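Novice: Before anything else, here's the structure in question.
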């Protein structure tokens, strides 16, 4: 090879860049994954390892043309941050709301208030998760709709919500969770001194989807607050597939780690197992799922970070969460949207309803079960568009004929 050819080859290979959508790019930009972070910070991680969650996506993952289908999983490159991201990056305040109807219960919620006449997205997480599951999504929503507010509570037995009953056996029945969500909305209105509720979009993931649908169908929101409800969006939960997934839930719980040596290890496990496919989301939401127990007994390898919520203890409530969900979803008042990670999740009732145009359907096959954490940008776009389609303040009615005649205009 001539000297000229060698120089050309060396220059070409030096110019080739390993293009990986991870936090190395984020760190180079000096960003910590904040509320207004760029799209690169929130991109999902490409990892070829299989999902460890029995509730994860079974939809088809569509690889990009440039992706090596049989490449080894890359793991975490040197320099990638696994440090937790604080909730203050995404929300303006946290609320501790003593329940007037459930003595000994103090609801905890994260809030960013709406601006002017902006809407309030009320978001309920799934079993074993917390309000911080919606943190990165909230930032993406406000990037596209700066007047929007976000209310993301922790359900009882989850996050920082406290009850006087044993943490291992809280009442997680659907009626109780639905009543809790209503109470949190009204208590937030009182705490913030809002004369009326802003326009509300209910958003629920998995179990949270069942909760928001139950609230929307129950007609328990008092007048005139009930007029504030514009609609509801359900993320990756359908009655049929949810009931099927419950059959293998105990198997999944028995195979996942009982705890972790550190928060960083917990975050890493969620991303490596593809339970969460976005490392920024994992750094934000995973710390709220774990609680430190003691000092680890002096054992260097002791797993002192344990799961905050005992999902196994909630088994008596599982069936009650999802029975009748599809019918209630279609019957509820207001706009309806279903976001799924695969069309295989649709049951017969929802398939017919979708053909009849009773609700909007969005499918993200590249996401796992935690759609909003894996793809916060796409989820935010769908939710903001859903709000705008159902925004009653945007309706402009034509003038009445009598008014035109009174103005001397011809009709």
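Counting begins at 1 with the first residue displayed.
Just so it is clear, glycine is given a Cβ too, placed from its N, Cα and C backbone atoms.
Residues or ranges marked as active site in TrEMBL: 206, 236, 369. What TrEMBL lists as compositional bias 'Low complexity' is 50-59. The domain 'AB hydrolase-1' annotation in TrEMBL covers 121-380. Summarising the annotation, TrEMBL assigns region 'Disordered' to 18-66.
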Novice: Which value does the mean pLDDT take for the domain 'AB hydrolase-1' (121-380) in this predicted structure?
Specialist: 92
Novice: What is the number of other Cβ atoms found within 10 Å of the Cβ of residue 206 (active site)?
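Specialist: Excluding its own Cβ, residue 206 (active site) sees 26 Cβ atoms within 10 Å.
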Novice: Could you state the whole-number distance in Å separating the C-alpha atoms of residue 236 (active site) and residue 206 (active site)?
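Specialist: Their Cα atoms are separated by 6 Å.
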Novice: Relative to the Cβ position of residue 369 (active site), how many further Cβ atoms are located within 10 Å?
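Specialist: A 10 Å sphere around the Cβ of residue 369 (active site) contains 28 other Cβ atoms.
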Novice: Provide, as an integer number of angstrom, the distance between the C-alpha atoms of residue 369 (active site) and residue 206 (active site).
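Specialist: Just about 8 Å between their Cα atoms.
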